[in-house]
Amino acid sequence: MRDLIVTVLFIVGAVVALKRPYYGALLWVWIGLMNPHRLGWGFAYSLPFAMASVVIIALGMLFSTRSIRWQSGAPVVVLVLMILWMTLTSFTAMLPEPSQAKLIDVLKVLGMTLVVGALVANREQIIGLIWVVAGSIAFFGVKGGIFTLTTGGEFRVWGPPSSLVEGNNELALALIISIPFLYFLAKQATVAREFVLVRFLPEKWLRRGLMVSILLCAVAVIGSHSRGALLAIVAMAAMMWWRSRSKVSMGFLLLALTPAILLLMPEEWFSRMGTIETYQEDLSALGRINAWHMAINIANDRIFGAGFATASPVVFNAYAPNPDWVFVAHSIYFQVLGDHGYIGLGLYLLFWILTYRVAGRLAAMEGRGARFEWVAMLGNMTKVSLVGFAVGGAFLSLAYWDMPFYLMIILLATERYAKEVLVKAPEDVVPSAEVGNGETPSHQRSSIVATG
């Protein structure tokens, strides 16, 4: 039954996407993040849905009468430079063949990210992308949160099968990135209802459902038994409190929920979290530190790094303090450092700094009137997600995972949209009292929506 449901949904989306390629982009994001076909055990399990999505997008773009506008801006420029540098490092790698094979996979992810950005133009499409990005991961958070509550946290929560976030640590980070977007959708429920799949839901129930989902996702993060995720969710919660307008109510909520959730967890969970302070006795932590030292040694010796295939006995034998402990980097920073050297790491960090600055510019639009309230809040919540990724990513090898790169696309598309609105109606500012949750009155909506 699951196979049939996923296949039918994909076919319906594909038919629509042939006329409106934007929906093909949503299919690509949905398949890539959620891997829904892996939730069944029948004929759909091994069907090439991702490849089909690419073909559908290409056909849709070819026959579409709408102009395709690629995203631009400093993050895109740095991303292109990063791609060029990674290509160079793959051909100078210690193990060229596996490095070049990995390069192809990374180019697919980053290339399709730019394609998705080219198909997102107006507010409805931006909101739709947010729904699919956050919802694809939140599905496992809701399911995992219920599982944690019903089992008393005895077992770990796992992610989408055969995906980059299948592991408990990786899923926890994905949920931490998703939670701020769920909060944005809940607080901006009027805007959130512009997405076609939730348009039929009453605003009140949509908001309540999202708030419950946030709680369950937070429970799932704790239920993942991930030490890195614990640090990341603390950083995310602190950042969310700081960026929130209602600091008092948000603070009371966090103070009330935190002990309630922790009381559910078994003694094993507390013992595992306690190893954060005693990492010298943890073989897993020592293995990661060994890999980090190796990455530094590689970067000091090779300007281009070792290439994508650093988690190899050959590379560890040449550069690791303990060549017998062959582990992946378990850190986006040391992963990039070992793969592409100091220049590669510099480009990677610059990309995320510039992306964070775009979020800051959106957040600064809060004073421009109620029609930009959703823009400002999106900027603030994306900042929260980026902080969660920066902290949680320090302990995971997810440097080339596509979900964080979609944040850049969401930000750039929103900034371009907001600029177009300002150009068309620079003085048309709606008093906050007239609008709830960033909604635009009907007599002004046409001038804004038309920009998409």
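In case you wondered, yes, glycine gets a Cβ from its N, Cα and C as well.
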Where TrEMBL places transmembrane segment among the ranges 8-31, 128-151: 128-151
Seg_contact(the transmembrane segment (171-189), the transmembrane segment (101-121)) with at least 3 CB pairs under 8 angstroms, min sep 6: no
Candidate ranges 101-121, 128-151, 303-320 - greatest C-beta contact count to the transmembrane segment (380-401) (under 8 angstroms): 101-121
Considering the transmembrane segment (210-242), which listed stretch of 76-95, 101-121, 128-151 counts the most C-beta pairs under 8 Å: 128-151
Positions on the same chain near the transmembrane segment (41-64), where near means CB under 8 A and six or more residues out: 2-4, 6-7, 10, 14, 17-21, 24-25, 27-28, 31-32, 112, 115, 119
Integer mean pLDDT for the domain 'O-antigen ligase-related' (213-349): 83
